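J.: Mind looking over this structure? Questions follow.
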């Protein structure tokens, strides 16, 4: 079984995961390919995740405008992936402000971004590139937004952004930038990420059920450990343009006072622990709390103890098998009709399945509702909570313990079964054992409610024993969100690194060799490295790695994989099947021995009239000695047919009554008295029948035992193979979706997973029966084959077939050995070295293979049968090939639907519990709870700028909207298209807009410089034509070529995502063919040499910051005359 796979690395993996998040978050009828998130999607998430019914208007006004940082003059009320990244980075930015360290990654990226802004928005004169100070002005902020593709920005928003950064005239540096990024985030508490609590408790200020203790209590690792754990090779970080001086010494003084309180958590207060926290007044006006019933929530997993839920499902399965299916009251309903007619059989079958439906629904509903009444993540310390726990304990006792010690026999529910049936006795005892475990967990909850909160805070041992399991899982999810965002920043930083020499190369944490060609600015270098590493992959995962991560918990607090209750319950019932399988085989061996004892005529009963053997013929001969030839067949038919039919489904009372009738017939016919115990001794032989009797007489006991042993080995192997592969397969299914190995946002198949989410409810039952069926088939087929190999009746024929197979195998081996040498001599790839010998060889082989191909078909059949047996129970893995499991006429119909249902269940839990979605939901709720005081629109715009500069490749996910109502339909169609077909930019286009702006600034600068040099030359030579020729033929011509280059790209087809992920060598394009120019004169050459220009064509490969491998499809932002004048006069500088 191969479960590892090739995955993208670095930022490419992060981009795929963000696309996956968008596909999960959307709730529309179809997936919007541009990755946008709308108000309805957020409303659905908060409702399903927290049980809050939020008004759509509140989401549009506060979340999609303020929290998202929509800079448009008329808000679009849509959250794109750029803005989602900015929201996810909020805790990371706060941590940067708190843990100020010169070696911290955020310190480097802030300076690099500042340098990128300078190179992108200011004049390219060398004296102003890094040394000049920049003042924050409205024009500067407008340029920053334009650099991030935000053109239509309101004047009011620009003024707010200037005010957030410190006001007009403040120097733009790292300190002011950090202040602009974090000054409106004082409502977020970093301690939440290391607190044993749920997200809902954090946001509403609820006191956790278990105190943290003086030293952090149950949080074994601080968040800083996780932040720094993934940081590798920090020494490879490139030196920032501006270094920090005495940052550690001045950090406390420069940190804003209002943020310091929040970061330390000094002003954080808990809600009253005696009642569930109410919604704040700010949030209560926008949302209503709805009924959730957390104890039975198996989608968002809002219960308190996951172990309790898993044991509940295990107990329910035992109750079904033991008391519903195995009891004498089997629930069958029969109508008064002729049972021999097909219509009557169909009607009875329908009624029987309706009866099973009623049994399971009523029994399951009562069982789960009452036993889980106290299984909530938040149980306030009150008498009501204590009463709920006591009700749950009584329910567990009634459903799991009492049936074993009571005698109830109804069609609906029966606790009576045959005491000789050892299997059902085992299930009855198991129900008592599982019930005892459930009572222990209920007792644990009761003790937690009775022990005072202060006592728990002082006693660490008691606190650890009483902690709710679900809180640990929530804590791991919060930690994973921190770990993943930190890793996302690291991956982006690795692409921002630059080198001194073109010959140098760097390798990031994922083993990626990054081209060191120097590009202009940090953003250009990052984009070049991003494209150059698009095809880099690495093999990830193994079964050992998955199990190790599961038991150590690292896969939970790093990757954030949520092992939901349905998955764990399915694994537990698979263990139950293994136990049942072993029990059945043990009983089968005993039955085989008894059957042979009866068949051999051993004495099994001795009555008052003598001892009788176990053979029907023996009874026949003993009782028909003086019968006529007419009477003898009558008794034999009665013994071999009537007894078998009557005893097959007969109860003890019916059996006794029928035996009495047989006694009368036998006594009247022959005068021989045969007691009822004697006839009962022939019960098994009567059921077996004459065919089975012949089989037992002609098959040795050793042969049958050998077949059972082989079947037992295969059966146990198959069940363990499914069990040990189930959990790792779940992990890698999750990883494949996150890394884009299984497409999500742009895949039509992902839409099918979103349809009919109720199909996930079939997974648990399917896991049980699939394991059971696999165990049976793995026993039957190999065991039957093994028996046929040793049975005297078939041994000769089978040996002949085996001899033929061995002959074919030996011939194939000979062919392989001969062909190893001939292939080297005669063949080279798809070509032939020597034509005649190769043609002759092919002819010989083709004639020979007419017979040999039969062996291949036999092997193929055997492989298909074995794979079908072992993969029947693997509901987590598609067995049929992609082109086989679906029809063109019915593209939405899967022949093998089990993996589809399994993935629906997986994706449902991912949509609620993915670390990124959990963090987004927390910040949505926090924004609604705190209102305007948290995450203002201006601050969010600063964070949007930061995220775009950190990861410039996400520019392509910008969503463009038309504000006209007339174009609403066209706009909707545009939003449904993928980014490559949208009016948003591809990866290439977004980078080249920056390059366009830089080249135009360089052209304007060169034009002014050459005009000045030409004027000086005119004064010296008196030749007025020199100036015109130089300016118009070199500078103007260069600009025309660049515009022509743009037009050529604009007329070409839009770049697809595959184009954007090409390497630098693959995307290299040549410039349009230029017109032939006349040879420059000596005067022109001398002027160009003084101006620093070596050729009229202005080799753009030597221009600073020119990416010669790419072209843009959109015109750059054209500055106004006032801005151009301000730029020329250096108004941004002091």
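Placement of Cβ uses the backbone N, Cα and C atoms for every residue, glycine included.
What TrEMBL records for 989-1016 is coiled coil. Residues or ranges marked as compositional bias 'Acidic residues' by TrEMBL: 965-974. Per TrEMBL, the feature compositional bias 'Basic and acidic residues' maps to 1047-1058, 1112-1121. The region 'Disordered' annotation in TrEMBL covers 498-518, 964-989, 1038-1134. Marked as transmembrane segment by TrEMBL: 308-326, 350-370, 382-402, 422-441, 567-590, 704-726, 762-789, 801-822, 843-872.
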J.: Taking all residues of the coiled coil (989-1016) together, what is their mean pLDDT?
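T.: Average per-residue pLDDT within the coiled coil (989-1016): 67.
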J.: Pairs of Cβ atoms less than 8 Å apart decide it: which stretch in 350-370, 382-402, 567-590, 704-726 has the most with the transmembrane segment (843-872)?
T.: 704-726
J.: Cβ under 8 Å, sequence separation of at least 6 from the ends of the transmembrane segment (382-402): give me the contacting residues as numbers and ranges.
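T.: For the transmembrane segment (382-402), the sequence-distant neighbours (Cβ-Cβ under 8 Å, at least 6 residues beyond its ends) are 274-275, 315, 319, 366-367, 370-375, 431-432, 434-436, 438-439, 442-443, 445-446, 449-450.
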J.: What residues elsewhere in the chain lie close to the transmembrane segment (704-726), defined as a C-beta under 8 angstroms and at least 6 residues from its ends?
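T.: Apart from its flanks, the transmembrane segment (704-726) reaches 1, 3, 543, 547, 567, 570-571, 574-575, 577-578, 581-582, 585, 588-589, 592, 767, 770-771, 774-776, 778-787, 790, 869-870, 873-874, 876.
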J.: Is it the case that the transmembrane segment (567-590) and the transmembrane segment (350-370) have 3 or more CB pairs under 8 Å, with pairs at least 6 apart in sequence?
T.: no
